[in-house]
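Input: a single structure, listed below in structure tokens.
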Amino acid sequence: MEVRGQEGSQSLHDDERRKGGLKTLPFIFANEVSEKLAVVGFSANMISYLTQQLHMPLTKAANTLTNFGGTASLTPLLGAFLADAFVGRFWIIAVGSIFYQIGMIALTISAALPLFRPPQCTGNRNCEEASAWQLAVLYVALLLNAIGAGGIRPCVVAFGADQFDESDPKEKTKTWSFFNWYYFCMGVSILLAVTVLIYIQDDVGWGWGLGVPTIAMGVSVVSFAAGYPMYRRLEPSGSPFTRLAQVAVAAVRKRKVAMVADPSCLYENDDMDAPISLSGKLVHTKQLSFLDKAAIVTADDQVTENSGRRPDPWRLSTVHRVEELKSVIRMAPIWAAGILVITASAQQSTFSLQQARTMDRRLFLRSAFSIPPGSMTVFTMLAMLLTISLYDRALVPLARRLTGLHRGISFLHRMGVGFAFSAVATLVAGFIEVRRKRKAASHGLLDDSAATIPISAFWLVPQYALHGIAEAFTSVGHLEFFYDQAPESMRSTATALFWMSISAGSYFSTLLVSVVHRYSAGEDGSNWLPDNLNRGRLEYLYWIITFLQALNLLYYMICAKYYTFKPVQSRQRTDEGAVELNNKV
């Protein structure tokens, strides 16, 4: 989006100001809904595909699933970097969608043709596991999906928020509702995936079960491209990582320079910062004062400035750029707190799903219809959607009267509530597993892993619902936090940090499951996480995660208490079209 300086500020061209707004959201949401249909339609039931179609052992299948989730949540960092530094968010989303489309086509073909799967199990003989080349086809398709996710996930949220002009008070108020509605639409797509698509996969076939989201992904690519003339498209402002590195290098180079007593003496250059501070510039904070040395003007810097040349950014940085790095560093502890929540929720699509497979999943006592195990996630989605709706329609207006905040409660409080619900969810899950095994023991079914235990799968609803409530608070709060507190020029990167916490949580789940599986092994070959969960100690894994989350909640409360919000001198557009500077924290 082209901008021009006017009286020390940036204003939008009239034609650009007519772009964006609510009319663009259907095209953007269509892309996100289709991506979620594709990824959740496969990953929510992937444990069934890996164990029943490819005949993987349960622990290996669980780790494959979390590793894929971790990789798909790590690639957004690369996508965000390319979007912020070089090509812009629109093109990264478009290219990522194409990669995702190719990956989904490959997955559909591998699921539809028997050639890509091992022979079906017959009788009581050991099932033949998928060969190396069959697994290679699966992994290549998953890698293409992960690359595609790297283009879509970090940019869709920021690109949607870009459609609202932050310098216009009337439009800025719509941004925070956008986050709730974004997550609501995402939840609806996940709800469709864990009901309709999983039913198709279990009762019709995996070819159609993956073919439907593949077609939906193709439609989303076309619809997203169709909105091109209406989008606000911010131009990339250069590599944010390079600017952060320049500040760090400049501070180290000047580590022996005496600190100035007056922060107003630190270097500022509005012309240099104009492309990376369209809505306002960051002002000086006292924390991390060592980095302020990067903005101290030395005699050599003055000579460069007096000659009419711009200073070397590897030797002298502006206050705005120094504060960019400070903002990222301050966000790190809050970012880390979100990892264990993802580790906890990851168990829903692995071990919780296997629990459901052993239980009575009939919808009614005499009903012939049974809920597919992968569709148990529907209770997570329903709880999440209901919570978001009540939050946006009831809690926010009520809290707004008490706090004076437009969003009701701060995103830090919102995340804290989610962390608490997540800990309770895993605690409850452990007790439900104890009850499930007692029922199996009382009916002599401990050694029959294929038998249906006469206990309703609806006993799992509390843990699924609590995870949904936790996600409504934690994930939306996390997105708000990263978008609001990240430097303006790094918002794609900030959204990538959200996905990086998901990646770290998924990888930590793999590590935790592997460690528990290895060190819980007995001399007789038993362990806490066997293929036959009736003879395992899955509840111990849940309670380990609960304990870690309790410690994490305490850690988060300390971090939130001492967190310093980003101070910005923002540009606000008045009704007459003028731009005013306002200090905001």
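Here the Cβ of each residue, glycine as well, is placed from N, Cα and C on the backbone.
All annotation found in TrEMBL is predicted automatically rather than curated by experts.
Annotation comment: TrEMBL describes 90-116, 136-160, 181-200, 206-228, 363-391, 411-432, 497-520, 540-563 as transmembrane segment.
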- Task: Six or more residues out from either end of the transmembrane segment (90-116), which same-chain residues have a Cβ under 8 Å from its Cβ atoms?
- Result: 31, 35, 38, 42, 49, 53, 79, 82-83, 134, 137-138, 140-152, 154-156, 159, 205-207, 209-211, 213-214, 217-218, 220-221, 224-225, 228, 231, 233, 492
- Item | For the transmembrane segment (411-432), sequence-distant contacts whose Cβ falls under 8 Å of one of its Cβ atoms, 6 or more beyond its ends | 334, 337-338, 340-341, 344-345, 347, 352, 355, 459-460, 462-463, 466-467, 469-478, 480-481, 484, 539-540, 542-543, 545-546, 549-550, 552-553, 556-557, 560, 563
- Message: Using a cut-off of under 8 Å between C-beta atoms, tell me which stretch among 136-160, 206-228, 540-563 contacts the transmembrane segment (181-200) the most.
- Response: 206-228
- Query: What parts of the chain pack near the transmembrane segment (363-391), using Cβ distances under 8 Å and only residues at least 6 beyond its ends?
  - Reply: 44-45, 47-48, 180, 183-184, 187-188, 190-191, 194-195, 198-199, 201-203, 348-349, 352-354, 356-357, 408, 457, 460-461, 464-469, 471-473, 476
